[in-house]
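S.K.: Take a look at this one; I'll ask things after.
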Amino acid sequence: MTTDVPQTAAGESRETEGREMHALVERLYPLCRSITGDGLRRTLEIVSGEIPLEISEVPTGTEVLDWTVPREWNIRDAYVKDASGDRVIDFAESNLHVVGYSVPVSATMTLDELRGHLHTLPDQPDLIPYRTSYYAETWGFCLRENTLAAMGPGPYEVKIDSTLADGHLTYGEHVVPGRSTDEVIISCHVCHPSLANDNLAGVAVATRLARRLAESDPHYTYRFVFAPGTIGAITWLARNRERVDRVKHGLVLACAGDSGSLTYKRSRRADAEIDRAVRHVLRSSGREHTVVDFSPYGYDERQYCSPGFNLPVGSLTRTPYAGYPEYHTSGDNPDFVSPEAMADTLETCWEVTRVLEGNRRYLNLSPYGEPQLGRRGLYGSLGGRSDTKQTQMAMLWVLNLSDGEHTLLDIAEQSNLPFATVAEAAQALRGAGLLKE
Amino acid sequence: MTTDVPQTAAGESRETEGREMHALVERLYPLCRSITGDGLRRTLEIVSGEIPLEISEVPTGTEVLDWTVPREWNIRDAYVKDASGDRVIDFAESNLHVVGYSVPVSATMTLDELRGHLHTLPDQPDLIPYRTSYYAETWGFCLRENTLAAMGPGPYEVKIDSTLADGHLTYGEHVVPGRSTDEVIISCHVCHPSLANDNLAGVAVATRLARRLAESDPHYTYRFVFAPGTIGAITWLARNRERVDRVKHGLVLACAGDSGSLTYKRSRRADAEIDRAVRHVLRSSGREHTVVDFSPYGYDERQYCSPGFNLPVGSLTRTPYAGYPEYHTSGDNPDFVSPEAMADTLETCWEVTRVLEGNRRYLNLSPYGEPQLGRRGLYGSLGGRSDTKQTQMAMLWVLNLSDGEHTLLDIAEQSNLPFATVAEAAQALRGAGLLKE
Amino acid sequence: MTTDVPQTAAGESRETEGREMHALVERLYPLCRSITGDGLRRTLEIVSGEIPLEISEVPTGTEVLDWTVPREWNIRDAYVKDASGDRVIDFAESNLHVVGYSVPVSATMTLDELRGHLHTLPDQPDLIPYRTSYYAETWGFCLRENTLAAMGPGPYEVKIDSTLADGHLTYGEHVVPGRSTDEVIISCHVCHPSLANDNLAGVAVATRLARRLAESDPHYTYRFVFAPGTIGAITWLARNRERVDRVKHGLVLACAGDSGSLTYKRSRRADAEIDRAVRHVLRSSGREHTVVDFSPYGYDERQYCSPGFNLPVGSLTRTPYAGYPEYHTSGDNPDFVSPEAMADTLETCWEVTRVLEGNRRYLNLSPYGEPQLGRRGLYGSLGGRSDTKQTQMAMLWVLNLSDGEHTLLDIAEQSNLPFATVAEAAQALRGAGLLKE
């Protein structure tokens, strides 16, 4: 598919976009995010430097659908010190070392006493797992199995300097206004601490997609939602319940930067326009890819596709949820994601928006027999171009199927031609007065 | 699929059930059954010893749909004696030796004269074929090709001591009453003489299925029909024409004991609930199996699925109709069927009834976003069990698809989870007030 | 599929038909056809000798749908002579040597000046290509690459003795009247000069199909249209616009004589009765074959299936459009097509008409249970024939599916039985009073 990438004022290329997205991942990586708290706030602040965000702060205790906004969690330091005062486990080294939402603790205990609060990955002894306990009050440390193996019987000084108190849940939105109030939402979870692919890469791709769209005079209004997983999406839905019918298409963007091929998970509707658009882009691009049916597990498509909302929102990832060994471990660091993979994800998202933006249903105004293209300069008129034959085939397909029933995306799918070629053919035919909308 | 097998008062296990079914096959095997007559009556009498039967006797000449109940056939003895008085062919050795519904004969004839009345299987020279001629008056003997080859030119004394006279067609019914008058019918043909798989095994499985159901407080009323093939099913349909709309699901059970894998033949409707239930049970059990489309040939599904009735009745067999070399020969003897195979068929039937009984359409009462399972003790609450993860997935699926459109069977199929798991999840969610029927 | 081929008065066999069709191809081959002109007229005159044609002459300038009938083109001679007066390129040797619709030219020019008017096939250096320029005024010669390679720098005497002037577009029709005014159209393009498979073979097959149909007392009226490609079909459609709704089924017949297997291209409707009939014939015949979806490129199905008409017209070819190396070259000569291949195409067309003619929707008058076939002499009544079992299965299928919803073609497809067997079974059942139409 040929695409028309707007060049920014700075003239940045796709390669530049890739590098910048990776730089953003690296900048966001050290912050200790959670579903609430200052790490999340600081993350949204940095994203605001890329694309302006409208920030919402929702107080603890607010009822949101079936849920309640929890207390806000913040953490300053945490460690397990051995008898010689060395930090055997140190929050400053990696924020994954502390179980998310751990309550404060300050105690001295033996390894045996401590063991019930330690989490390791015996099969991946060099990696720190990522664990949270949002709704059951507890505390814990995550560490390398190899570290645990080397720990003596203790005693250890155990400290988690955290607070769990009334506060707020924070989320951010960026809107690219379109000519229509119909919306496309792009939703990224921003609640994970130092995990690069899950989901800083998705956040980075979203920022560049927003920038491209801003320069494209779009038909749709594009809303980017950066919110903590589950509770954030639920909060957003609760606060936008009366206006979600504006959402005509949507994508949950996650795991956007690993080296695997793209995976699209269909919306609950299964054949919504977004589902067909993404499938078409993936197929016609020749990219290796996978399309899977909706299932009520994964990222925030779970909420958007709950039966009461049933929004046409699919999920685009590279390697999907829990599908790579580094998933939810310290192995998911900035080296795990690449500028090239993020650029490829971005390009795919962009092409999907090209389909959504360009999809129309036309009516052939000369439907009896084929109209004579030659006398209108449409036949062979593009002689010097390598895609002439394909464009002429596209014109015949558009004429044949523009009966008021088929959209350009239908035609692209039925003809096995790229959407851009079909849209270009339709444009030429419309220019010649052979089609009306 | 986990199933909840009721233990009888006697505490009999599946193994016991298998042994008992095989013992019943052995007991019924020697009787000379036909579509009418005392062999059929005696068979139903023995079955009555397992599960009580209501016996119907329909007089010769009764018009039943497009057919007429034929004269009753009974046979006492039959033989072909050689010059030295030895019985070369002897009904007492195997009732297959006489063509079913043979008229009486008492004559002396040479082999050449006799030959037109002799039936063998040249390709299976050690087996006696099974032949009948219900509606064209004739007589004949079936014998091993090897026996025929050794027969001299005769003369032979030929005797068939049978009667073909006005009488009755007999069939039996057993009803397991349910809370609803909606019925599930299980239909077995009982007209074949000494053939074990076709259909004593089916009869035996039906008796044990009835016993299990009797202890299960079923929703549906289960009606077991033991009738001669074709004319028996037609007679039953003729006499129940006004009430067949009570039949919501049905299975024709045949060839239930051979060593082959299970085959399900869909009802004429193709996607009736019974069709989907059996397919689901076979798939989710991991059993090797085959599902084939309806065809108007085979057993009494031909009658139940005739276009005027078009009942949702499929057919469950192991190796299907005419699919094994021993089919309709003396090779289909009690050694050809096994306790294990009958127990497996029984288990499958039972699981199918579990799906029919448990299939419901629920409505998610908290359809906007996912309800918070954790606060209701539903998330991780089953921690110690190995199927926890599957049960939690099942809860998410049930919540997501319980929109008033999908049944639990739909959800099991879409989620690729066993029905029992889905039903258990629905039960838990209903207990938590998250679902209503 | 067994078929009932009418034997003509002359008693001609299929082999004779094949030979005669090939003789017709050879006779038509030398004529210089185009979309207008005397070669086209002479072609239709010769076809008239096989089956009477009604000839239409449509004046230049007539508006036909979106097109205008062009000027008439005729050519008497053309050549390129070298200095010694030898014809290096000679129209008399092959009419492919001149670009169709070339305007007159008479000049002396060097090879370099001439080169822009010369067309060769560098990859097939021994073949003359076929080129036309109907709607852009120009002239040119087509020649073997090997001829061009041997040509010196010139000068050459260049002559095309053609006229492009007001005249007529000619097409012919042959009608086999049926008992109904509903029509089946068989359409063949007749505008190509010396190309045998494309489409003299199609023309030849059509003549024999017409002859067979004339002796078959058909239900449908069969209309054979022999018209130039595109503009001819458009002209026919324009002049028959008010009556095209009589067209219930149709086939565009082309490339009917090469050695490849048959290809059927579906109508735009995709599942019209003609689509299902051809597919059934191809499948049940056991012929190797291909069925492809409609696309708006190829032969005159493009016009019949334009969205305004959307007629149920498919296209039957052997190797399809542009699918063989000899396509549109001098390699497509009478040796390229065979009597056997044309006979096979003819047989297929004939069998398709058997399905169209015989397809009915019956109602089983005894739909409750199976009717007793034996007492009506329908069961085993055909004992001596090898197809007895298949016919009895067909009777059961017809009875089971004749519920007012299924046609005999539906039943043939669902039962996987040949249509002829199903139709024969229906005939027998109807004779016994078991079916009504």
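All residue numbers here begin at 1 and follow the chain in the order shown.
Glycine residues also receive a Cβ, built from the backbone N, Cα and C atoms like all the rest.
In TrEMBL, annotation is done automatically, which means it is predicted and not curated.
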S.K.: Need a hand: TrEMBL gives C:His192, C:Asp198 for Zn(2+), which of C:His22, C:His97, C:His328 is also on that list?
M.R.: C:His328
S.K.: Return the residues near C:Asp198 (Zn(2+) binding site) by Cβ distance under 8 Å, restricted to its own chain and a separation of at least 6 in sequence.
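M.R.: For C:Asp198 (Zn(2+) binding site), the qualifying residues are C:His192, C:Ala254, C:Cys255, C:Tyr327, C:His328, C:Asp332.
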S.K.: Test of understanding: give the count of other CB atoms lying within 10 angstroms of the CB of C:His328 (Zn(2+) binding site).
M.R.: 20
S.K.: Within 8 Å of the centroid of the Cβ atoms of C:His192, C:Asp198, C:His328, which other residues of that chain place their own Cβ, given that this set defines the recorded Zn(2+) site?
M.R.: C:Tyr130, C:Leu195, C:Asn197, C:Asn199, C:Tyr327, C:Asp332
S.K.: Going by DSSP, is C:His192 (Zn(2+) binding site) sitting in a helix, a strand, or coil?
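M.R.: Going by the DSSP assignment, C:His192 (Zn(2+) binding site) belongs to neither helix nor strand, so it counts as coil.
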S.K.: Count the Cβ atoms, other than its own, that fall within 10 Å of the Cβ of C:His192 (Zn(2+) binding site), considering every protein chain shown.
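M.R.: Taking all protein chains shown, C:His192 (Zn(2+) binding site) has 23 Cβ neighbours within 10 Å.
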S.K.: Could you please provide the mean pLDDT value for the domain 'DUF4910' (C:22-359)?
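M.R.: So the average pLDDT across the domain 'DUF4910' (C:22-359) works out to 97.
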S.K.: Within the domain 'DUF2172' (C:72-163), how many residues are helix, strand or coil going by DSSP?
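M.R.: When I sort the residues of the domain 'DUF2172' (C:72-163) into the three classes, I find 16 helix, 35 strand, 41 coil.
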S.K.: What are the DSSP helix, strand and coil residue counts for the domain 'UCP01524 winged helix-turn-helix' (C:361-436)?
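M.R.: Going through the domain 'UCP01524 winged helix-turn-helix' (C:361-436) residue by residue, I get 38 helix, 11 strand, 27 coil.
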